[in-house]
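J.: If you scroll down you'll find the structure; I have some questions about it.
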Amino acid sequence: MSSGLRAADFPRWKRHISEQLRRRDRLQRQAFEEIILQYNKLLEKSDLHSVLAQKLQAEKHDVPNRHEISPGHDGTWNDSQLQEMAQLRIKHQEELTELHKKRGELAQLVIDLNNQMQRKDREMQMNEAKIAECLQTISDLETECLDLRTKLCDLERANQTLKDEYDALQITFTALEGKLRKTTEENQELVTRWMAEKAQEANRLNAENEKDSRRRQARLQKELAEAAKEPLPVEQDDDIEVIVDETSDHTEETSPVRAISRAATKRLSQPAGGLLDSITNIFGRRSVSSFPVPQDNVDTHPGSGKEVRVPTTALCVFDAHDGEVNAVQFSPGSRLLATGGMDRRVKLWEVFGEKCEFKGSLSGSNAGITSIEFDSAGSYLLAASNDFASRIWTVDDSRLRHTLTGHSGKVLSAKFLLDNARIVSGSHDRTLKHWDLRSKVCIKTVFAGSSCNDIVCTEQCVMSGHFDKKIRFWDIRSESIVREMELLGKITALDLNPERTELLSCSRDDLLKVIDLRTNAIKQTFSAPGFKCGSDWTRVVFSPDGSYVAAGSAEGSLYTWSVLTGKVEKVLSKQHSSSINAVAWSPSGLHVVSVDKGCKAVLWAQY
């Protein structure tokens with residue numbers, strides 16, 4: 001019972017080794033047991049033969065002695081005795097030879113057995129070494145198995161922990177998903193409310209503008225009525241002249257028509273302190289809608305018949321905005337100037353003589369203005385802004401008409417197409433969007449692959465300047481890239497000459513280039529020792545006749561180059577104390593306006 005317990009206490013591998021040793025002992029003992037028994041018998045026979053040989057040798061010596069001691073009766077050996085002794089000697093000799101032969105065989109057998117024993121000993125040593133190695137391997141494997149069991153336990157615990165965490169995260173995810181759904185619904189509701197409030201705000205602004213317009217009209221009517229009541233000095237010569245012009249073949253009798261003509265002549269003859277001053281003051285307080293653009297001032301043929309003058313003198317320096325001014329643009333009639341700044345407003349200014357008089361502001365943007373453009377008639381103003389949207393106002397009543405949203409980044413440029421019914425906008429989100437103002441929707445979105453800093457348009461092509469140093473040419477009809485041109489720096493601005501055959505570009509490598517659109521070749525490169533592009537949206541401009549280009553530098557100087565020679569015509573400084581962001585040249589060719597990162601705008605002309 002105790003042996004059974006001890007055997008049960010042994011590990012299985014020990015019992016396995018013990019059984020293998022017993023099996024090997026049985027196999028080896030069966031193989032050599034017969035040999036060992038035969039060997040023992042041979043040893044016994046050898047000992048027996050040795051004893052017999054010694055006995056025979058003793059008898060051999062004893063027989064002659066006996067014969068010598070006891071010879072025949074006559075004291076001589078007879079023949080029979082001699083013959084017997086000879087036969088006995090031969091027999092003994094043969095037995096001895098046979099014994100020696102067997103002894104040699106046994107000796108050889110002993111040697112062979114010794115060799116076999118040595119081989120077996122070596123095999124046993126090798127087996128013992130293998131057994132020791134196997135035991136060591138078993139020990140290592142047991143240790144490794146123990147480590148693996150420990151790791152398995154750790155992994156099972158970690159797996160259980162992960163399962164618990166996963167279950168907790170799943171519960172959390174389900175809760176967060178519900179919150180997200182609820183938040184999305186709330187966000188949608190807030191967006192809807194926000195859009196409604198924006199619409200109400202736009203309506204409120206439009207109503208306020210309408211009220212202001214009505215108040216101005218009422219004030220104008222009142223002052224006109226008061227001015228009409230004032231006594232007006234009459235010059236007799238004028239009355240006589242009017243009468244002669246109006247009634248050369250009539251009598252001198254006064255008629256109602258003649259009375260009206262005299263009244264009109266009297267009003268025209270009023271001195272500066274009378275009716276005209278009152279009307280001028282009234283119009284000076286009105287918005288820009290009081291100045292409709294004269295049709296003869298609208299530039300139907302750009303660049304034709306313009307008297308372009310290179311600016312030399314600062315006529316007017318004024319604070320245009322509360323902060324940085326990013327954009328400036330003249331109306332087609334050259335009388336109205338628009339500026340856009342980081343104060344989220346577009347301001348309108350009237351340019352007359354040497355002054356710029358503030359006429360009103362266009363509100364509705366939620367972030368800084370980045371780009372401004374008038375339509376070809378000067379009736380609408382388009383502005384891009386940092387709130388991911390573009391907006392359109394009517395100039396005559398300062399009302400917000402359209403808000404174009406859809407970009408996911410700040411809109412850096414927006415331009416009218418030539419039909420004034422479509423718009424192209426470029427954004428920091430690396431897309432260009434094509435808008436239809438009639439349907440008020442985005443017709444197409446094109447992924448450009450890089451942030452768009454500026455846009456210009458021709459009849460069939462849109463050209464965009466990008467952050468990746470490339471100018472891309474897009475076909476309006478297919479809205480695909482026709483070609484690309486890579487410059488040495490990031491593109492900050494683009495402009496077209498009046499004939500729309502040359503493209504002006506400005507880049508961050510401080511170079512301006514004129515590109516011939518007919519040959520796709522760089523026609524002229526402009527640079528100057530002190531000129532440095534101040535930002536990624538520094539705007540440059542052609543003169544109305546395409547003979548000059550103007551750009552502002554980072555140190556606040558205004559540079560003018562000749563397109564024909566490529567040389568600097570004029571450098572104007574000392575007015576701006578910060579980097580110039582944008583430059584505009586009036587369609588009449590008489591004025592240039594520059595705006596900077598401070599709040600200043602400078603009106604330049606040649607004097």
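A Cβ is built for glycine as well, from the same backbone N, Cα and C atoms used for every other residue.
Take a look at what Swiss-Prot says about it:
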type: REGION; residues: 13-43; note: region 'Interaction with ATG5'
type: COILED; residues: 79-230; note: coiled coil
type: MOD_RES; residues: Ser139; note: phosphoserine
type: REGION; residues: 207-230; note: region 'WIPI2-binding'
type: REGION; residues: 230-242; note: region 'RB1CC1-binding'
type: MOD_RES; residues: Ser269; note: phosphoserine
type: MOD_RES; residues: Ser287; note: phosphoserine
type: REPEAT; residues: 320-359; note: repeat 'WD 1'
type: REPEAT; residues: 364-403; note: repeat 'WD 2'
type: REPEAT; residues: 406-445; note: repeat 'WD 3'
type: REPEAT; residues: 447-484; note: repeat 'WD 4'
type: REPEAT; residues: 486-525; note: repeat 'WD 5'
type: REPEAT; residues: 532-573; note: repeat 'WD 6'
type: REPEAT; residues: 575-607; note: repeat 'WD 7'
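Can you tell me where each of these features sits in this structure?
T.: Long-range neighbours of the region 'Interaction with ATG5' (13-43) within the same chain, counting only residues 6 or more positions beyond its ends whose Cβ lies under 8 Å from a Cβ of the stretch, are 7, 106, 109-110, 113, 116, 120, 127, 131, 138.
In three-state terms derived from DSSP, Ser139 (phosphoserine) belongs to a helical segment.
Taking DSSP states H, G and I as helix and E and B as strand, the region 'WIPI2-binding' (207-230) has 23 helix, 0 strand, 1 coil.
Model confidence over the region 'RB1CC1-binding' (230-242) stands at 43, taken as the mean pLDDT rounded to a whole number.
Broken down by DSSP into helix, strand and coil, the repeat 'WD 1' (320-359) contains 0 helix, 24 strand, 16 coil.
The repeat 'WD 2' (364-403): residue composition by secondary structure is 0 helix, 23 strand, 17 coil, according to DSSP.
Outside the repeat 'WD 4' (447-484) by six or more residues, the chain places 371, 409, 412-418, 424-432, 434, 490-496, 500, 503, 505, 507, 515, 517, 520, 536-537, 539 with a CB less than 8 A from a CB of the stretch.
According to DSSP, the secondary structure content of the repeat 'WD 5' (486-525) in residues is 0 helix, 24 strand, 16 coil.
If one looks beyond the repeat 'WD 7' (575-607) by at least 6 residues along the same chain, the residues whose Cβ comes under 8 Å of a Cβ in the stretch are 299, 302, 306-330, 332-334, 337, 339, 341, 351, 354, 356, 534-535, 537-545, 550-558.
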J.: Which numbers of helix, strand and coil residues does DSSP report for the repeat 'WD 7' (575-607)?
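T.: DSSP composition of the repeat 'WD 7' (575-607): 0 helix, 18 strand, 15 coil.
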J.: Below 8 Å Cβ to Cβ and six or more residues apart, same chain only. Which residues does that give for Ser139 (phosphoserine)?
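T.: None - Ser139 (phosphoserine) has no non-local Cβ neighbours under 8 Å at 6 or more residues apart.
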J.: By DSSP, how many residues in the repeat 'WD 6' (532-573) are helix, how many strand, and how many coil?
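T.: Secondary-structure breakdown of the repeat 'WD 6' (532-573): 0 helix, 18 strand, 24 coil.
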J.: Quickly jot the same-chain residues contacting the repeat 'WD 1' (320-359) by Cβ under 8 Å, restricted to those at least six beyond its ends, or write none.
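T.: Long-range Cβ neighbours of the repeat 'WD 1' (320-359): 284, 286-288, 291, 293-294, 297-299, 365-374, 376-378, 381, 383, 385, 393, 395, 398, 537, 539, 581-588, 590-591, 593-601, 603, 605.
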